[in-house]
Amino acid sequence: EHEDTDLLLQPQLEGQDYGAAAADGTQCPSVSVSRNSPTKRDCLVVAVLCFGNLINFIDWFIVPGILLDIQKYFRLSDGETGLLQTVFTLCYMLAAPIFGYLGDRYNRKIILGAGIFFWSGVTLGSSFITESHYRIFVLSRGLVGIGSASYSTIAPTIIADLFEEGKRTTVLSIFYIFIPVGSGCGYILAAGVAESTGDWHWAFRVTPCMGGLALLLLILLVPHRIQRRTAAHRARSISGTIRREMPDEKPDVHRTAKTTWCQDVGSLVQNCSFVCSSLGLTAMAFVTGALGVWMPVFLYRAQVVQGIVPPCLQESCNSSNSLTFGGITIGAGILGIIAGAEAARRLRKINNKADPLICATSMFISALCLYIALMVAQTNILSTFIFIAFGELFLSVNWAVVTDILLYVVTPRRQSTAIALQILVSHLLGDAGSPYLIGIISNAVQARNVPSLQWSFRSMQYSFVTCAFVGVLGGAFFLLTSFYIEEDREEAQR
């Protein structure tokens, strides 16, 4: 028997009713945790998770929003500046499998709450770091990445448990809209606070307050336990467990919970749709990571070369590009995710391979738009903004669709592990290295030429071309996913 006194260490077992709403919208019979209907309660849970996702990505993109100020404050080269986001992402991806393992076995609400508390506290502490302690600042960004991993790994699985496939794509789209919205708000908040206060440190003191509110809402509104399967899956799981036992023997619930992480990973790497879509997502992460960190700096250097703005010599650098890019990120992200979900909903009716084909097409178009934006940046800054907006729009089409692919080609019992593994791979080969790689290439180009404003711009332009080619590679991986998607989906349903 499990003890109720230690809820964090008590595994959430397949088939056990924890009093949350069933995925088919019926009230679970054993425990009633709310007087409201299950639909209203599920909507409250999703609202809290979306608010947490908003704060998560605001915190993620505070640094890129004031990157010029941070680079000047710590006297960093392009390579050292890119290292900030690389350390954040490396810690994020390395922590993700750990939280995936815990999320598949232990209480997810407690893990989410601990993650929010941790990353909010570290963010607040990093605002007091002085210019002589750059390494401590880098370490603080790594610790924030660990806290963020708990949220990104576990929150989507709760949504998957609350809604069946028809509604799940729509709800996931709403959840993932807060990725670009949070990212854009991160730029806007950081640049706005730095400009209004004259001190970029204050940008790191806003999100901890929001994190405290998210933690309070999580405690009050999210049920302590969310059941892990639909009613049909639960019935099959219970009956299968009972049949494996002796007639007069109770099901060995301890043994059911002890599936090893290595066995889960071994099964996932044999799933071709999961592997190929994860590599496509890796290409997306590479591009978005590089754009997210360096695009405001690139736009600033392009404007300096054109004589639109003067070089940054004053105490606080011009933050208009961060504000504009943040607005583009919000608008393009919302439109892209809504368009992707709607396109998937309509095209699935006529083509079972619609999801990966949508992702492949959007990646090819996005790569073309980004390449054009880079080529026209020195002569026409307005055209650059327009093509960047279209590039981000088509990148955002894929966010909810890729997650939905994972959720229907992977069995529910392995979904947290699958999301964690996908996070690990996509960040390890994607945005963990792309900001640093762009900075290193930029440094190398500058080192080969006479230092000047012109070569400062061109070095960033040449290094950014890498993103266009990686985008084409990502489209190819999604195209490959379409060859296996039907077979793997049927296997997961069985």
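Positions of Cβ are set from backbone N, Cα and C atoms, glycine also.
Bear in mind that TrEMBL entries carry predicted annotations, made automatically and left uncurated.
Copied over from TrEMBL, here are the features:
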| type | residues | note |
| --- | --- | --- |
| TRANSMEM | 43-63 | transmembrane segment |
| DOMAIN | 45-489 | domain 'Major facilitator superfamily (MFS) profile' |
| TRANSMEM | 83-103 | transmembrane segment |
| TRANSMEM | 110-130 | transmembrane segment |
| TRANSMEM | 136-159 | transmembrane segment |
| TRANSMEM | 171-190 | transmembrane segment |
| TRANSMEM | 202-222 | transmembrane segment |
| TRANSMEM | 279-302 | transmembrane segment |
| TRANSMEM | 322-344 | transmembrane segment |
| TRANSMEM | 356-376 | transmembrane segment |
| TRANSMEM | 382-407 | transmembrane segment |
| TRANSMEM | 419-442 | transmembrane segment |
| TRANSMEM | 462-485 | transmembrane segment |
Return yes if the transmembrane segment (279-302) and the transmembrane segment (136-159) have at least 3 CB pairs under 8 Å (sequence gap of 6 or more), otherwise no. no
Other same-chain positions with a Cβ less than 8 Å from the transmembrane segment (43-63) and lying at least 6 residues past its termini are 36, 70, 84-85, 88, 112, 116, 119-120, 123, 141, 144, 148, 151-152, 155, 158-159, 162, 171, 174-179, 181-187, 189-190, 203-204, 207, 210-211, 213-214, 217-218, 221-223, 226, 292-293
Does the transmembrane segment (462-485) come near the transmembrane segment (356-376), with 3+ Cβ pairs under 8 Å (pairs 6 or more apart)? yes
Would you kindly check 110-130, 202-222, 419-442 and say which stretch has the most C-beta pairs under 8 angstroms to the transmembrane segment (83-103)? 419-442
Taking the transmembrane segment (419-442) as reference, which of 110-130, 136-159, 322-344, 356-376 has the most Cβ pairs under 8 angstroms? 136-159
Does the transmembrane segment (110-130) make contact with the transmembrane segment (202-222) through 3 or more Cβ pairs under 8 Å, each pair 6 or more apart in sequence? yes
Top Cβ-contact partner of the transmembrane segment (171-190) among 136-159, 322-344, 382-407 (pairs under 8 Å): 322-344
With Cβ-Cβ distances below 8 Å as the criterion, list the same-chain residues six or more beyond the ends of the transmembrane segment (136-159) that contact it, or say none. 45-46, 49, 52-53, 56, 59-60, 63, 74, 83-85, 87-93, 95-96, 98-100, 103, 108, 111-112, 114-116, 118-120, 122-123, 125-126, 129, 168, 171-172, 175, 226, 403, 407, 415-416, 419-420, 423
Below 8 angstroms Cβ to Cβ, which residues of this chain, lying six or more residues outside the transmembrane segment (382-407), approach it? 156, 160, 165, 168-169, 172-173, 175-176, 179-180, 273-274, 277-278, 280-281, 284, 287-288, 291, 295, 299, 302, 324-325, 328-329, 331-337, 339-341, 343-344, 355-356, 358-359, 362-363, 365-367, 369-370, 372-374, 376, 415, 418-419, 422, 478, 481, 485
